[in-house]
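What Swiss-Prot says about this one:
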- 1-107: topological domain 'Cytoplasmic' (TOPO_DOM)
- 108-128: transmembrane segment (TRANSMEM)
- 129-269: topological domain 'Extracellular' (TOPO_DOM)
- 150-254: domain 'C-type lectin' (DOMAIN)
- Asn163: N-linked glycosylation site (CARBOHYD)
- Cys171-Cys253: disulfide bond (DISULFID)
Amino acid sequence: MNITRASLPMLNTTCSCRREKWNFLGRYEGTFDYWIGLHRASSKHPWMWTDNTEYNNMFVYHMNAQCLKKPEEGESSPGTGGVHSYKILQRNSLRAISPESSAKLYCCCGVIMVLTVAVVALSVALPATKTEQILINKTYAACPKNWIGVGNKCFYFSEYTSNWTFAQTFCMAQEAQLARFDNEKELNFLMRYKANFDSWIGLHRESSEHPWKWTDNTEYNNMIPIQGVETCAYLSGNGISSSRHYIPRIWICSKLNNYSLHCPTPVPV
């Protein structure tokens, strides 16, 4: 699943609205609005996904229509002829919006169809050596249920609070450790997904005179300075802070998501 920051027309963006994915998207999308793959020809037609399967209105059904945002003054209301697409809004809701002109959407679709035909025709016309590909299965070890995969790691965000020691014990029971980040991408994900909660991570030290270490005793590289003079670290709204170990907080676990990938081998015929 990819969440883009670029502002683009709703052409090929898709969303599988299973409940667990909705919970993830609703929490992770932050203050931005995102296109998803629902559209319809007019207000008299049913909502469809981009593969032309009909939308089952699961959120209107389960959420008692609370997932449709009340339109602001001057906006088109759901049910009017100008409404054509859904998009995700902040605070776990869906909202119907009106494009500037339906003609623009049809024009874009027409351009895409023309380009697609041109590409196919060109690929057929170009001489190419026939090859037979021997495909070797790709084997992935997916993250466990309720864990989120980022890069080569799986992360778990607790739903309740405890002290640093119990949090580490819990993670170890899951064959993991309190969260470790090795680059800014992972840190940015953790900071964003933890929302407004202070969260224990796997950095600790014996005293203010000792260096910070991860739970495997490798030394922290001070990528981001840690504030305070205490012995256990947590993610806060201001970055990384330190605290005494007995303060109750939610926590984050992490472990490697090991997988093997075998690329297909082309064999000329």
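Just so you know, glycine gets a Cβ as well, placed from its N, Cα and C.
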Query raised in the report: Around Cys253 (disulfide bond), how many other CB atoms lie within 10 A of its CB?
Result: 26
Report summary line: Whole-Å Cα distance, Asn163 (N-linked glycosylation site) to Cys171 (disulfide bond), is 12
Report summary line: Candidates Asn163, Cys171 (recorded positions); min other-Cβ count within 10 Å returns Asn163
Query - Secondary structure at Asn163 (N-linked glycosylation site), reduced by DSSP to three states - result: coil
Query raised in the report: Using DSSP, how many residues of the domain 'C-type lectin' (150-254) fall into helix, strand and coil, respectively?
Result: 20 helix, 35 strand, 50 coil
